[in-house]
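Below is one structure, written out as structure tokens; the observations come after it.
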Amino acid sequence: MGGYHGIVQMTVVRYVAAAILARGADAGAAVGFVLLAAVTPDVPRPSLVGALLVTCLTAPHLLGPVLARRLDRSRDGRRLIAAICVSYGLLVAAAALGLGRLPVVAVAVLAAAAGVCGPLLTGGLSSRLAGLVRSDERAQRRAQGLDSLSYGVGGTAGPAAVALLAALTGARTSMLVLAAAAIVAGMLVRTLPASGDSVAPERVLSVREALRLIVATGPLRRVMYTTVVVAIPGGAVAVLAVALGHELHVDAGTAGLLVAGFGLGNLVGSLAVTARPLLGEPEKLVTGTAGLVGIALALCALAPSFSLALAAFALVGALNAPFFTATLASRAQYSPPEARAQVFVSMAAIKVGAASAGTAAAGALLGPGPRVLLVIGAAMILVTAAVSLIDRRHQRATVPLRGAGSHAHSRAPAKTPGPPVSDSGGC
């Protein structure tokens, strides 16, 4: 038994290493392209070109569900994810080497092709985790905590490493190192054992059916709209933190510590849910932790001093970690094998879009001040948590009216090739 546990632990270690490298490359590429455009000679309007390349990287995430269906149909998901990681690295390297030497349009096409790979570095990789560890709840939740940690570390370390390497060795070299990290991630993914939960290709749901499943399955629907609403102010955190620092009479560099506090809090929270895994029904955990995130955002708005604002933003980050971990657990528990990757990637893509909308909205609507926007964000989250509770209770109240056959387990959709047509398979 000890040998088995050792194998499982090494598998998880390799998974986490691959996930950090892949997600670090995904997060760092945007910063790297902006820096590279700024310092590359003969690039017209560097700021505009940098923004264009970042858009090309992020916009294709909305196409993620199409590629995720390939992953659901794959007999061995490792090969596809490994190939995607390597492709991402090669495309990023080609775009970095081409900037200033090729037409901007050609570089943008390379960046967009890399962006298409992005969703499988995030949600696609996460969809494979459940099959790599023991099936008991504690082991699954600890692994999901580590997965959340990999997002936090990758999202923080990737941009930081690119900025540091750009200062030391040049922006182009830093992008090549980032590309190499993605390729190494692909090599590590290839060493993982097969998950063993593949289904016959003909049973895999179409993209439309998978999206219908998310909407029609009560827990998935509630987790999805809660995730979207939390992501909107989450995407605005950096903008609002710097603006709040200005109101608190600190310079921009010091105000940036509020953003750093959020990131550090997120890492601490991820470590906490790894050491003490969240147990219980994932949907309830999502609703509860979302409410706590909303309360913490309200505390940010009320902070009378910089030190208290720093503590409040760190608290938001710390609470966001168990919230995100609970959403990962929900995707794993409530999605059927014939649509698992599509559920993971679709919800991740929607979250990315919501966070981007939050960033844009914060910049455009900053007139009333950061405190007002923080209060609005907190209110949105708290109202959504309340709506989720009402939605859940309404579903429970109507289940008995639909007959005994409607008392299906939350994983019931896995037994049928098509999506449910009502909430009856939800709880």
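The backbone N, Cα and C atoms fix where each Cβ goes, and this holds for glycine too.
Remember, TrEMBL labels are computer predictions, not curated facts.
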| message | Looking at 148-168, 316-336, I want to know which stretch TrEMBL calls transmembrane segment. | response | 148-168
| message | Below 8 Å between Cβ atoms, which of the listed ranges 12-36, 48-68, 252-273, 372-390 makes the most pairs with the transmembrane segment (148-168)? | response | 12-36
| query | List, by number or range, the same-chain residues at least 6 past the transmembrane segment (80-99) whose CB is under 8 A from its CB atoms? | reply | 18, 22, 25-26, 29, 32-33, 36-37, 40, 43, 49, 53, 67, 70-71, 74, 106-107, 110-111, 113-114, 117-118, 120-121, 124-125, 128, 172, 175-176, 178-183, 185-187, 189-190
| query | Hey, which bits of the same chain come close to the transmembrane segment (48-68), Cβ under 8 Å, at least six residues off its ends? | reply | 29-30, 33-38, 84, 95, 99, 104, 107-109, 111-112, 114-120, 123-124, 127, 207, 210-211, 341-342, 344-346, 348-349, 352-353, 356
